[in-house]
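**Student:** Following this message is one structure expressed as structure tokens.
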Amino acid sequence: MFGWHWLLEWQTPYEFHGHLIEKVFAEEKTPYQHVTLVEFTRFGKGLIIDGKVQSTLYDEHIYHELLVHPLLLSLPKPPKNVLILGGGEGATLREVLKYKSVEKAVMVDIDEKVIEFAKKYLYEWHQGAFEDKRTSLIITDGLKFINETKDKYDAIILDLTDPIKDSTSYMLYTKEFYEKLRGILNQGGGIVTQATSPSFSLEVYVTIYNTIKEVFKEASASYTYMASFDGLWGFVYGGVRPDLLSEDEVNSRIRERISGQLRFYDDYSHKISFSLPKNIKSEFKKITKVSTEKDPIYVPA
């Protein structure tokens, strides 16, 4: 399938980000979602799910490094067992496996087709992580897995699609779900979730923070600019406080715990990412909503 067309990615009901597509590598409507792998004119190779850009070759490393490393470096002990929900491209798994201490990384994704596409087309993302002997890949619903697992983990990473109404993942942003995660964490463990965009869904970003803080008591929020997402992108951490790590602590723990190169994350980017601007911090005082199964939060688009 060659040629070109435009992807109009709706970020709110009244604005979109237009992406020129040079080539479509693969496209399929699975039982769970519409998956497309393309070559963007500006951002290179990219994954689209249900009309939303999930990651691109241009800046996926920024997203995945900030998702993974503040959590794993802030754990009191180097992690041994890590659980990933989502993250079908394999890049979150790639970053987790950089930790010398990791003995087992369990990755759970609902859609086998995304994994199949990633293995075939997205080597730059996973870089062989699916074949690592420490990797355990499970194809099932994340909520079902959490309800049934008997194992406990040092860290849980939620690399999920946005909480869109009637999607496969919106119930994975609720208080009840986070309580289940707390129950399968080892002592001293923590979680992180992608938390949508402070640019386009600030109320959702803050509500995810409120919900995690309600369950874990300890919580912190970070953000970064993602050009391929056309705005700021947020992350929320629970059970640990990566925002309290000093620059020296970040540097020393990178040296001690990580084997492999980081392209974005370091002591300086850590500090900047947790330095929320005044206008965003003020919303944390105004918005008090907590997402529950009876009243879940959704992104506006």
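Keep in mind that glycine also has a Cβ here, set from the backbone N, Cα and C atoms.
When I checked Swiss-Prot for this same protein, it listed these features:
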- ASP159: active site, proton acceptor (ACT_SITE)
- GLN33, ASP109, ASP141, GLY142: S-methyl-5'-thioadenosine binding site (BINDING)
- HIS64, GLU89: spermidine binding site (BINDING)
- 4-240: domain 'PABS' (DOMAIN)
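Can you tell me where each of these features sits in the structure?
**Tutor:** Cβ neighbour count for ASP159 (active site, proton acceptor) (all protein chains, 10 Å cutoff from its Cβ): 24.
DSSP classifies ASP109 (S-methyl-5'-thioadenosine binding site) as strand under the three-state reduction.
Under DSSP, GLU89 (spermidine binding site) is assigned to coil, being neither helix nor strand in the three-state scheme.
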**Student:** Count the other Cβ atoms sitting within 10 Å of the Cβ of ASP109 (S-methyl-5'-thioadenosine binding site), across every protein chain shown.
**Tutor:** 26
**Student:** Please report the Cα separation of ASP141 (S-methyl-5'-thioadenosine binding site) and ASP159 (active site, proton acceptor) in Å, rounded to an integer.
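**Tutor:** It is 13 Å, counting Cα to Cα.
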**Student:** Let me make sure I understand the span of the S-methyl-5'-thioadenosine site: among GLN33, ASP109, ASP141, GLY142, what is the greatest distance between any two Cα atoms, in Å?
**Tutor:** 15
**Student:** Cβ within 8 Å of the S-methyl-5'-thioadenosine site centroid (GLN33, ASP109, ASP141, GLY142 excluded): which residues?
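**Tutor:** The surrounding set, listed in chain order, is TYR32, LEU85, GLY86, VAL108, ILE110, ASP111, THR140, THR168, SER169.
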**Student:** Tell me which of the recorded positions HIS64, GLU89, ASP159 ends up closest to GLY142 (S-methyl-5'-thioadenosine binding site) in space, Cα to Cα.
**Tutor:** ASP159
**Student:** For each of the binding-site residues (GLU89, ASP141), count the other CB atoms lying within 10 A of its CB, then report the residue with the highest count.
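**Tutor:** Answer by Cβ density within 10 Å: GLU89.
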**Student:** Looking at the recorded positions GLN33, ASP109, ASP159, which has the shortest Cα distance to HIS64 (spermidine binding site)?
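**Tutor:** Answer for the nearest of the recorded positions: ASP159.
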